[in-house]
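Noted in TrEMBL for the protein shown:
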| type | residues | note |
| --- | --- | --- |
| TRANSMEM | 23-43 | transmembrane segment |
| DOMAIN | 29-442 | domain 'Cation/H+ exchanger transmembrane' |
| TRANSMEM | 55-73 | transmembrane segment |
| TRANSMEM | 85-101 | transmembrane segment |
| TRANSMEM | 113-137 | transmembrane segment |
| TRANSMEM | 218-240 | transmembrane segment |
| TRANSMEM | 261-286 | transmembrane segment |
| TRANSMEM | 306-323 | transmembrane segment |
| TRANSMEM | 343-365 | transmembrane segment |
| TRANSMEM | 385-403 | transmembrane segment |
| TRANSMEM | 415-437 | transmembrane segment |
Amino acid sequence: MALDLGALALKYTGLAVSDHDSIVAINIFIALLCGCIVFGHLLEGNRWVNESTTALVLGLITGGVILICTKGVNSRILIFSEDIFFIYLLPPIIFNAGFQVKKKQFFRNFATIILFGAAGTLISFVIITFGAMGLFSKLDVGPLELGDYLAIGAIFSATDSVCTLQVLNQDEAPLLYSLVFGEGVVNDATSVVLFNAIQNIDINHFDVFVLLQFIGKFLYLFFTSTVLGVAAGLLSAYIIKKLCFARHSTDREVAIMILMAYLSYMLSMLLDLSGILTVFFCGIVMSHYTWHNVTESSRVTTKHTFATLSFIAEIFLFLYVGMDALDIDKWKLASSSPKKPIALSAVILGLVMVGRAAFVFPLSFLSNLSKKESHPKISFNQQVIIWWAGLMRGAVSIALAYNKFTTSGHTAVRVNAVMITSTIIVVLFSTMVFGLLTKPLINLLIPPRPGTAADISSQSFLDPLTASLLGSDFDVGQLTPQTNLQYLLTMPTRSVHRVWRKFDDKFMRPMFGGRGFVPFVPGSPIERSVHGPGLLGTVTEAEDRS
């Protein structure tokens, strides 16, 4: 990534900087990343400020210093490129989300997560789009076409729940954590799929046929992207299981997992599919099969490698957003006064709040109808937190806005500059203000109770969404007295779960490995104690169904 970033180094006063200046700029940025990690660690104790907020603040400070040093010429070290975001930074974040996901909790609440992440995003998209069409004209934003309004709806439907997840306790609120986490991932994928579908349809001749074409394109991208991710994950599991890389080098196991995951993402982009969905489900499948086919040392290495790459990418994005916020050229082009971008940002934030409330509370009601009596329902306080968590906007919104309204990070059109500056204001305000208020809001609505974590942990260690990669299945409980509507909504889910468990044990695990498959490393005392002489690896049935 450093070579590409060096090639896209900042151009001061319109002149390309030398290779030496590019290296200096990259060194400064890496030093800032280290500073974000250090400050984030020092502020971890109170859990009010996380690395995301720290990176934004440090980016703003650095941008201000650069702006002063260059006498108002620029405030950035590197030029933002949506290509860098989508090719280098987004894949490790989304893949790690799928790889670390606790599948038992995720699929137990899968219907609710899909309701919030897919159907809810569509509802928010419609409200933001039509709200923008009705209100933007009163602010004299500039000439915007129907395609621009649809893109705005997709851009501001993309949530960023990082701040909320960093202050939520998995042990105290496993249901809430799983819903916020799962909805955030599916929401980002849905927003990007919407954005890409809008870019590929004929907006100028919009009619019923175009609407059906748009819906068909959306469903096609969703389905094919998911299938591609699952296929890539299964292929990696099959290759590692059959070839036994660990006989010669465990490094090859780690390398093939990383490269196969990245290949699935890039192949999805090449086929104009949703790379987010592809790499997310590739991560889920890899954690279910591939991860169990490698040696113990490779398991530890891959888990921490993916988490580290994701962490660095997130900090990089927030740091750059903070620096880019002070890019003086966009503000001068947008308006002689900052009042217009601020007013437009306030309208967008209002639409975001209304659009999110329009689906969180009604869909929560529908979700509660499908809950069995033994399963916790989404309380009103939890619904408020879910609503609040989705108000924050982040790097996905920034990247989509740059993709739509700029060329290589720059624009000479006033209306485009207004949209970019407004997006930056929305991201900064929502992350800084909503993010800082998240912790007191959670303490107010769901006060921590002494001994809660201990009580929950004594019941089950498998409730947290990302606690461990080992427990991937979930039990299908006994039927409990339900209303006819509850029975109708829950019966298909239980049936699918039961059929999948049987199919997975009988066909999938014998072919692709997974839990129960023990890789062999010659010469290892541990492996010799597990395997008999000359045994290369076995597939056994998993006795533990927890």
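We number each residue from 1, going along the chain as drawn.
The backbone N, Cα and C atoms fix where each Cβ goes, and this holds for glycine too.
Of the Cβ pairs linking the transmembrane segment (113-137) with the transmembrane segment (343-365) and spaced 6 or more residues apart, 3 or more are under 8 Å, so the two regions touch.
Using a cut-off of 8 Å between Cβ atoms, the transmembrane segment (306-323) and the transmembrane segment (218-240) share fewer than three residue pairs, counting only pairs 6 or more apart in sequence. When Cβ-Cβ distances below 8 Å are used as the criterion, the transmembrane segment (55-73) is approached by residues 12-13, 32, 35-36, 39-40, 315, 318-328, 428, 431-432 of the same chain, each at least six residues removed from its ends.
Contact count against the transmembrane segment (85-101) (Cβ pairs under 8 Å) is highest for 261-286, out of 23-43, 218-240, 261-286, 343-365, 415-437.
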